[in-house]
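The feature UDP-alpha-D-glucuronate binding site is assigned by TrEMBL to B:P61, B:T62, B:Y63, B:D92, B:R135, B:R140, B:D163, B:D164, B:D165, B:H277, B:T278, B:R279. Marked as Mn(2+) binding site by TrEMBL: B:D165. Per TrEMBL, the feature site 'Interaction with galactose moiety of substrate glycoprotein' maps to B:E196. According to TrEMBL, the feature active site, proton donor/acceptor maps to B:E250. Sequence annotations record features per position, and here TrEMBL assigns region 'Disordered' to B:283-304.
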Number of protein chains: 2
Amino acid sequence: SLLPQLINCGQRCDCTEHDLAKDRTISRLREKLHSLLEQTKKAEPTKPLKPPLPTIYVITPTYARLVQKAELTRLSHTFLLVPQLHWIVVEDSPHRTGLVSEFLSHSGLAFTHLHVATPHERKLQEGDPSWLKPRGAEQRNEGLRWLRENIRSQEGGVIYFADDDNTYSLQLFEEMRWTQRVSVWPVGLVGGMRYERPIVEQGHVVRFHTGWRPSRPFPLDMAGFAVSLRLVLANPEARFDGDAPMGFLESSFLQSLVTMEELEPKADLCTKVLVWHTRTEKPKMKREEAMQKQGLGSDPAVEV
Amino acid sequence: SLLPQLINCGQRCDCTEHDLAKDRTISRLREKLHSLLEQTKKAEPTKPLKPPLPTIYVITPTYARLVQKAELTRLSHTFLLVPQLHWIVVEDSPHRTGLVSEFLSHSGLAFTHLHVATPHERKLQEGDPSWLKPRGAEQRNEGLRWLRENIRSQEGGVIYFADDDNTYSLQLFEEMRWTQRVSVWPVGLVGGMRYERPIVEQGHVVRFHTGWRPSRPFPLDMAGFAVSLRLVLANPEARFDGDAPMGFLESSFLQSLVTMEELEPKADLCTKVLVWHTRTEKPKMKREEAMQKQGLGSDPAVEV
């Protein structure tokens, strides 16, 4: 049964202290299940366990800005509802920040906390449009590096690159969990379109519905595919090319791993939208700046 | 123990069909707990149950736009993790839409689905800034109407007005759950400030940290307070005034219910930010429009 995985749902892979008050539902469920299991073990003979669920390794690049804590908070709620998920958070930073460290330790999730600073020339500057430079490449590669050094793939496993401002349904994770090589599906509200998606004929991807350069090797958004751990471990050179031209970041990774014909179409043969490329507005701070000039600004010691 | 509430976590108040695939963790936990409990009941004498948790009634106005399904999806994940929560979703619409109906029936939550159309003269027009007209007043009042007609307050209960684009921590709901009259707390990223918050001295609210018109009766955001069900039922005339001047919508409701001195400060005496007034960008559809002109647009039958 799923019971061992459900009990382990929420258990971290390190020993960081964990605030039970914030995890009442899951902690109490685990405690109750544990104690009830102890009692029933005496009554029942040991039953063979079903094979464990493959782990979904989610790699999320993140960076400090006003909405960061909010984004991570609502994202963590989605992940708390997905069994056997391991969150790899990679800060764009020369060091781990207190905000992210504290947040992760209280999240209730199994997590790994990494960091790598994007080189200055590749960083978006204030005022740059968001599409100007590929973002998050170093951080995703750092996540891959950690997996390659720490995980053996005997129990399957799939890797998903989940940015911290997108929106993910729970069904999406069950679609990706059994990926053999690379699986794909539609993404809503991306590329200036209602959705982008692979077009499937006779069970295979034949081309892509997208508004921009459909001749790219893989005209997919980062949120529109997942790759098996096994495939990544078998291809130690596969990584994201931070110098790739705009729109080619995904291709720079996937083209060394898989052909279009090998892609595994999910979400009802790529006809259902289970993930959305939402973006969050930058909050205005005009009143804050005016108040600060009068010495009446918000206390910077209060974490937002 | 919390066990009955945890088992009821996710149970709907009506008989609408429920897609188990999307609720694997909670459904399996409930099934397992049920079957284990059956076994252990025989061994243990019946223990008295603790008093049930007060229900949190969340009233969410919502309206159709491209990001609606994404917003409701990620919001529902937060609510699935809060015990004893009942979601009242009120569409700005002359009828219930299929998108919201289907969504709610698959959400796994206890819900009520209402609707009321905002009168035309009060609706924001394309291009209006978001602050121009008070929004959601009719929908929140419709939620209050349903509660007044359907719920008796013998077991406590608290009402929270949660817009579909804000971000809520899990801790926030435990802070509001035991509200006696009206409880209050800081809100992040609102009113052009890092946060707005009540200022507390000797356990009581004495004034408000805000960037705009601090002399309003209640210079609070909708996300910054909750009101006990008992107080609302005892004051059948209390409602939101859709004609209130900009920024006075919350005051139009609260001033008939409570004085500033009676406010119950939460979140460590209003020093912690547990909710953020995030806003979601409107997705650009330029490529979609261009593609549609060529007859290559996204299939409108695919729900986004």
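Cβ coordinates come from backbone N, Cα and C, glycine included.
DSSP assigns B:E196 (site 'Interaction with galactose moiety of substrate glycoprotein') to a strand. Sequence-distant neighbours of B:T278 (UDP-alpha-D-glucuronate binding site) (same chain, 6+ apart, CB under 8 A from its CB) are B:D165, B:N166, B:T167, B:L189. When the Cα atoms are compared, B:E196 (site 'Interaction with galactose moiety of substrate glycoprotein') and B:D163 (UDP-alpha-D-glucuronate binding site) turn out to be 17 Å apart. Those recorded positions from the list B:Y63, B:D163, B:D165, B:E250, B:T278 that have a Cβ under 8 Å from chain A Cβ atoms: B:T278. The DSSP secondary structure for B:P61 (UDP-alpha-D-glucuronate binding site) is strand. The secondary structure of B:E250 (active site, proton donor/acceptor), as reduced to three states from DSSP, is helical. The Cβ of B:D163 (UDP-alpha-D-glucuronate binding site) lies under 8 Å from the Cβ of B:T60, B:P61, B:G136, B:M222, B:A223, each on the same chain and at least six residues away in sequence. Same-chain residues at least 6 positions away in sequence with a Cβ under 8 Å from that of B:R135 (UDP-alpha-D-glucuronate binding site) are, in sequence order, B:P61, B:T118, B:L124. Among B:P61, B:T62, B:Y63, B:D92, B:R135, B:R140, B:D163, B:D164, B:D165, B:H277, B:T278, B:R279, the residues given in the record as binding UDP-alpha-D-glucuronate, the maximal Cα to Cα distance rounds to 20 Å.
The Cβ neighbour count for B:P61 (UDP-alpha-D-glucuronate binding site), using a 10 Å radius and every protein chain shown, is 26.
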